[in-house]
């Protein structure tokens with residue numbers, strides 16, 4: 001890794017929590033310089049503009065979530081176990097290395113929906129990738145005889161993501177983690193009903 005690449009990575013790692021917590025609009029250059037200890041010129045000498053930093057920060061935050069989810073899923077040999085492991089990641093965000101500020105997909109999707117097309121596009125890619133991974137797990141479960149042959153893998157993936165993201169949103173909005181916990185049985189039921 002070159003010095004320039006290390007500097008870019010440092011900037012991303014230091015600003016990613018701020019972008020995730022404050023959003024694109026709420027994150028200022030002062031926030032970025034304070035977090036990194038670098039000057040505005042140093043930051044923009046490594047990134048063309050704030051958009052480029054924000055996109056890299058989202059990618060960094062989403063990669064952290066994907067790695068956490070993948071690590072939990074990989075602990076389980078069965079498709080059902082892999083899907084149930086999602087609850088372990090999302091039920092108690094404090095016990096895992098979840099990005100500061102909550103789910104980057106939720107945060108970015110809500111903020112960038114109609115204000116920032118390139119961030120929205122990245123959020124859509126993240127959603128599509130997550131959906132694709134769950135579809136693959138469900139299809140593997142169908143092929144292995146764990147799940148019924150008639151299960152709609154894509155609909156199942158969208159339902160699980162909607163339950164998870166909805167629970168996160170309501171908990172974040174109200175400051176009540178109990179709402180997130182209250183949705184976990186619905187996720188579990190959805191998974192068990194696949195058999």
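Cβ atoms here come from the backbone N, Cα and C positions, even for glycine.
Taking Cβ pairs closer than 8 Å, the DNA-binding region (28-47) reaches residues 4, 7-8, 10-11, 14-15, 17-18, 22, 53, 56 in its own chain, all 6 or more past its ends. Annotated DNA-binding region per TrEMBL: 28-47, in sequence order.
The domain 'HTH tetR-type' annotation in TrEMBL covers 5-65. Mapped onto DSSP helix, strand and coil, the domain 'HTH tetR-type' (5-65) counts 53 helix, 0 strand, 8 coil.
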